[in-house]
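Feature annotation from Swiss-Prot assigns fatty acid binding site to 127, 128, 129. Per Swiss-Prot, N-acetylvaline is recorded for 2, and the stated evidence type is similarity to another entry.
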């Protein structure tokens, strides 16, 4: 089912992302850049692993992992996390844990778009991507 996510995606809409970044402790200047940047996300499968590349003018990141297996990740805002990504039905759920905290990133395909819901505590941000 990961195949449905394998594509190049361009951000088209973002809601409440500044509040989400603020809750994570991201500084003002970085949040300003994050709010205007429209990243491209490339999801693929390579050698039995899922690869998610995020490209933007601010910073490029890449994670590769096997579904359901914990891996070390440095987030785009430089948090050192222990992460797990799993497939739950038609949703790709990415959980990051660091310093006793946890955030969830749920990716799902709706009407040909990738909808990404970011949750940290009671703060929810939604970012929508279309195929590039």
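The backbone N, Cα and C atoms fix where each Cβ goes, glycine too.
Residue with the densest Cβ environment among the recorded positions 2, 128: 128, by other Cβ atoms within 10 Å. Residue 2 (N-acetylvaline) falls within a helical segment according to DSSP. A gap of 18 Å separates the Cα atoms of residue 128 (fatty acid binding site) and residue 2 (N-acetylvaline). Listed in chain order, the extra residues whose Cβ falls within 8 Å of the Cβ center of the fatty acid site residues 127, 128, 129 are 9, 11, 12, 13, 14, 113, 114, 115, 116, 126, 130.
Note: the Cα of residue 129 (fatty acid binding site) and the Cα of residue 2 (N-acetylvaline) are spaced 16 Å from each other.
Using a 10 Å radius centred on the Cβ of residue 127 (fatty acid binding site) and all shown protein chains, the other Cβ atoms total 23.
Residue environment of residue 129 (fatty acid binding site) contains 24 other Cβ atoms, counted within 10 Å of its Cβ in all protein chains.
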